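Asker: Quick paste from Swiss-Prot:
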- Ser23, Arg24, Ser25, Thr76, Asn101, Asp116, Tyr235: shikimate binding site (BINDING)
- Lys80: active site, proton acceptor (ACT_SITE)
- Gly141, Ala142, Gly143, Gly144, Ala145, Met233, Gly256: NADP(+) binding site (BINDING)
Amino acid sequence: MKDRADAAARDRYAVAGHPVEHSRSPFIHARFAALTGEPIDYGRLPCPLDGFAATVSAFAASTGTGLGPARGCNVTVPFKFEAVALAAQLTPRAALAQAANTLRFDAEGWQADNTDGAGLVRDITVHAGVALQGATLLLVGAGGAAAGVLGPLLETGPQRLVLANRSPDRARTLVERHAALAALHGVTLEAAALDDCGDGYDIVVNATAASLAGATVPVTARVLRPGALALDMMYGPAAQGFLRWAAAHGAHGRDGLGMLVEQAAESFWFWRGVRPPTPAVLAELRAVIEGADT
C-alpha cells in the first residue's frame, strides 16, 4: 500500500519531441529526483509532427495510471517555437528567444521558459572552465537552438559575438532582436554568412543540426584560434565529427552533454524550486554513453 501511495504522490513530467526515443532526459531527471528527494516521475512523450499542441495538452489534462498529475514537460526539436504559443506567460529569456524548451502547467495558465542558454553558459564556465567575459565568440546557426542561447551568452559580457548562418538574413533578424541586450552589456554583436564570418575566435559554438545529419562542419578552420574552445551542442556519436575537426585544428573540442545536464537542472529548478547537483550526474551520464559506444 505504501508503494502505491508513494507513486500516487509523484508529479509527472516528460520530454516532448520528435523523436524522443533516445532522449537521455528521463535518466537525468530520475537522478535529480533521487539526489533531491523530489517526488517526480519523468517519461517520454512522442509527438507527431502535426500534433504537438494536441499531444502536450492531452498529457497535461491526463491523470496517469497510479501516478500524480502532470506538472510540466521539456520540449525538444522541432517544437521549441511552437511551445511559446501554448503558454499564457513567458519568462524574459523565453520571450527574447521566442522559443521555449520548458513548460510548467500552472492552474492559472501554462508558463514557458528557455533554459538552454543557462545550461550552455554554466557548462562553458563551470565544467569547461572557460571565461566568457571579454571573449570573442562565434555562434553558428540561427534556428531555435541559437535563439535559446544568444541572450544568456550576451549577458556574460563577451567582447564580440558573431552569429553566422547559411541565411544571413535569418541571422540578422536574430541579431536585431538582441541588439538592445548586446548594447546593455557592451557587446559587439554582428550577423554574418558562414563563408564570411571572420577568424581567430576564442570560442566557437555549433548550434546547427549538421552533426545529426552527418554533414561536415559548416565553417572553415580559420575561425579557431590556437587553443580555442569548440563546442557542439550535439553529443554522443553525432558530435564525433565536430570533435575530430576541432582536435585536428588545435582546438579543445567539447560536446553538448554538459549543456544537456545543466539545462535539465535549470528546468528542474523552474518546476520544483530546487536546484539539483550536476557534476555527479554528468559523470554518470558520460560513462553510460561512452560505455554504449564501445
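Glycine is no exception: its Cβ is also placed from the backbone N, Cα and C atoms.
Help me see these features in their spatial surroundings.
Answerer: Asn101 (shikimate binding site) falls within neither a helix nor a strand when secondary structure is assigned with DSSP, and so counts as coil. There are 31 other Cβ atoms within 10 Å of the Cβ belonging to Asn101 (shikimate binding site).
Long-range Cβ neighbours of Lys80 (active site, proton acceptor) (same chain, at least 6 residues apart, Cβ-Cβ under 8 Å): Ala99, Ala100, Asn101, Asn114, Gly144, Gly148.
Of all Cβ atoms in the shown protein chains, 27 besides its own fall within 10 Å of the Cβ of Ala145 (NADP(+) binding site).
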Asker: Sort the binding-site residues Gly141, Gly143, Ala145 by C-alpha distance from Asp116 (shikimate binding site) and give me just the closest.
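Answerer: Sorting the binding-site residues by distance from Asp116 (shikimate binding site), the top entry is Ala145.
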Asker: Sequence gap of 6 or more, Cβ distance under 8 Å: name the residues on the same chain that satisfy this around Thr76 (shikimate binding site), in order along the sequence.
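Answerer: Result: Val15, Ala16, Gly17, Val20, Ser23, Ser25, Asn101.
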Asker: Determine which residues of the same chain, besides Ser23, Arg24, Ser25, Thr76, Asn101, Asp116, Tyr235, have their CB within 8 A of the center of the CB atoms at the recorded shikimate site, and list them by sequence.
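Answerer: For the shikimate site, the extra neighbours are Val15, Asn74, Leu260, Gln263, Ala264.
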Asker: Among all chains shown, work out which of the binding-site residues Ser23, Ser25 has the most CB atoms within 10 A of its CB.
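Answerer: Highest number of other Cβ atoms within 10 Å: Ser25.
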Asker: Have a look at the binding-site residues Gly141, Ala142, Met233 and say which one has the shortest Cα distance to Arg24 (shikimate binding site).
Answerer: Met233
Asker: Near Gly143 (NADP(+) binding site), which residues of its own chain have a C-beta under 8 A away, given they sit six or more steps off in sequence?
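Answerer: When sequence neighbours closer than 6 are ignored, Gly143 (NADP(+) binding site) has Ala207, Thr208, Ala209 within Cβ distance under 8 Å.
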